[in-house]
Amino acid sequence: MSSLAQASKPSAQRWGLGALIVLAILAVQASWLYFDGRIAMCECGTIKLWSGSLMTENSQHISDWYTLSHIIHGFLFYWLFTVIAPKAPLGLRLAAAVGIEAVWELVENSNFIIERYRANTSSVDYFGDSIVNSVADTVAALIGFLIAAKLPTKITVAIALFFEVLALIVIRDNLTLNVIMLLHPFEFIKQWQSGL
């Protein structure tokens, strides 16, 4: 066996282990949401690849305007693990990022957070994600992580800023406002968001 083949074998094994961990995390996430009473898919009876609706079908399909925020989560996790665990195999850093995103999805879909969104934002029609949407959000973070791993930091920062501005213009919401309104709501932001 050549030295190149021997050198690539541990790397492939780590990626394989990372992929298995990611699949296990996604399965646990979906199961947790199911047993917590979340609906599997949109009650409309279809699964759309994209839903631009901000009303009843929001967060019920595979992707929506908030998918942009989850891709940015992936960028942030890549940068975080590059700083705190730069020598860890990329596949394991990816699995850790997916684990954090999955935990966030479970928290985001808890009754406490759903009610907080409904009370403190313009999202009065938000009743939580479908399981399809929640798992797709985690996959979006995974994609964001992989994009950040491949592209120069300047490019991913530019993409993140573009996504934030685009969502702000189109739906008057984005990751930054979402965090602000979750942690310390401002009535003037809520009123502005309600003006759509």
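Every residue, even glycine, has its Cβ placed from backbone N, Cα and C.
Copied over from Swiss-Prot, here are the features:
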- 15-35: transmembrane segment (TRANSMEM)
- 65-85: transmembrane segment (TRANSMEM)
- 127-147: transmembrane segment (TRANSMEM)
- 151-171: transmembrane segment (TRANSMEM)
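Long-range contacts of the transmembrane segment (65-85) within the same chain, counting only residues at least 6 positions beyond its ends with a Cβ under 8 Å from a Cβ of the stretch, are 52, 54, 58-59, 93, 96-97, 100-101, 104, 136-138, 140-149, 153, 156, 159-160, 163-164, 166-167, 170-171, 173-175, 178. Long-range contacts of the transmembrane segment (151-171) within the same chain: residues 54, 65-66, 68-69, 71-72, 75, 78-79, 177, 196, each at least 6 residues beyond the stretch ends and with a Cβ under 8 Å from a Cβ of the stretch. Within the chain carrying the transmembrane segment (15-35), a Cβ under 8 angstroms from the stretch's Cβ atoms is held by residues 89-92, 94-95, 98-99, 102, 105-106, 109, 129, 131, 134-135, 138-139, 142, all 6 or more beyond its ends.
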